[in-house]
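S.K.: Structure incoming, see below.
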């Protein structure tokens, strides 16, 4: 398993480099932004945001391993994860309103503080303290994915008066470097936890300096801005009306809830499935992130002018690939007949599918959901998503571990069949809708691809 992890990581890294080099060559003639003020503004945003992302990704590979290291039972670890998912539901519902009222700058500083405390709780062997830390992690994640982006958009348009058309270029580049940071974070976590022998708590301690530096830079370099005060009840009500009145939105929400809840369950299960065979968990995590990056690169290639596949087709492929991977896992995790190499391959396919899924879903969501209703609709999408994940983990908690993991993958397979049926229904509804198709012009490729 050790050799397989390193070989897979090296192979996927080579594919990533090849695909990105090819993409760079095809973009040499594309428009580049040379405005010095804009580039300085981007840098002010990136240096903080990338530090925050690094701190977040460093904690990914060894979270389950840490709880296991503290001798907690599978059922106890499940409850900690469920508390994390529940906090994600709660704070995800109120994060946008909280950020708008508190201020985006203060919210980013609050993120640094709460996530630092979350990391410090990992030093404790006390079960209650670890649950509190997981809840703080849910709050911190909600702030990470709301405050930073909201601050940037406001500053970009309102304070600096840059063209709104430049915003996608910033976020495309951020998405690209997010993948690079995730891959690197897994390697760094592996170095501190395993190569240097500091144990599974080390990556969480390494995260703290990144969080402190990010908070310091926010206080020093960023200006405060606020959003419009919106009633949460009004936002949710409008979102629910949109969800129930448009069948396309309802089907898209069904696909998202089923697909992403399965991914949440996968995040919990991959460590206990592979860890008995002593793989380098940080390298395994980096392999997953590299596979996801390959998927994102393949999406850009598939939707380019040369191949011109539609996001709807790629979404269907990603759901089908996850179903196939879960079908593999029901056999590779069969008690007494475990096949860790096959399980590892299935996990890599799931991550590759995620790289295809998220840009496809993002495109369709942007086209189907009216901009004024997106926040409210996303609130309603997140509730069943997290509830399904919590329910799945609680089912696992009540099962015998040896058969529970296989049974959980079987349940996830059924969920993906339901997602496939929703995809087919969505196909039927939108097959003649030109709005949900990518334009054939080369300008689309320029907008959707990150400029390196």
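Using N, Cα and C of the backbone, Cβ positions are placed for all residues, glycine too.
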S.K.: Looking at 198-219, 220-241, I want to know which stretch TrEMBL calls transmembrane segment.
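M.R.: Range annotated as transmembrane segment by TrEMBL: 198-219.
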S.K.: How about the transmembrane segment (282-302) with the transmembrane segment (174-192) - do they touch, taking at least 3 C-beta pairs under 8 Å (6 or more apart in sequence) as contact?
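M.R.: With 3 or more qualifying Cβ pairs, these stretches touch.
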S.K.: How about long-range neighbours of the transmembrane segment (198-219): same chain, 6 or more residues beyond its ends, C-beta under 8 Å?
M.R.: 47-48, 51-52, 54-56, 58-59, 61-62, 65-66, 69, 105, 108-109, 111-113, 115-116, 119-120, 122-123, 188-189, 192, 282
S.K.: Given pairs 6 or more apart, does the transmembrane segment (249-270) have at least three Cβ pairs under 8 Å with the transmembrane segment (174-192)?
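M.R.: These two segments do not touch.
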S.K.: Mind checking which residues reach the transmembrane segment (408-430)? Cβ under 8 Å, same chain, six or more beyond either end.
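M.R.: Distal contacts: 247-248, 251-252, 254-255, 258-259, 261-262, 265-266, 269, 312, 315-316, 319-320, 322-323, 326-327, 329-330, 333, 388, 392, 395-396, 399, 436.
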S.K.: Among 75-95, 174-192, 344-364, which stretch has the most Cβ pairs under 8 Å to the transmembrane segment (131-153)?
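M.R.: Ranking 75-95, 174-192, 344-364 by Cβ pairs under 8 Å to the transmembrane segment (131-153) puts 75-95 first.
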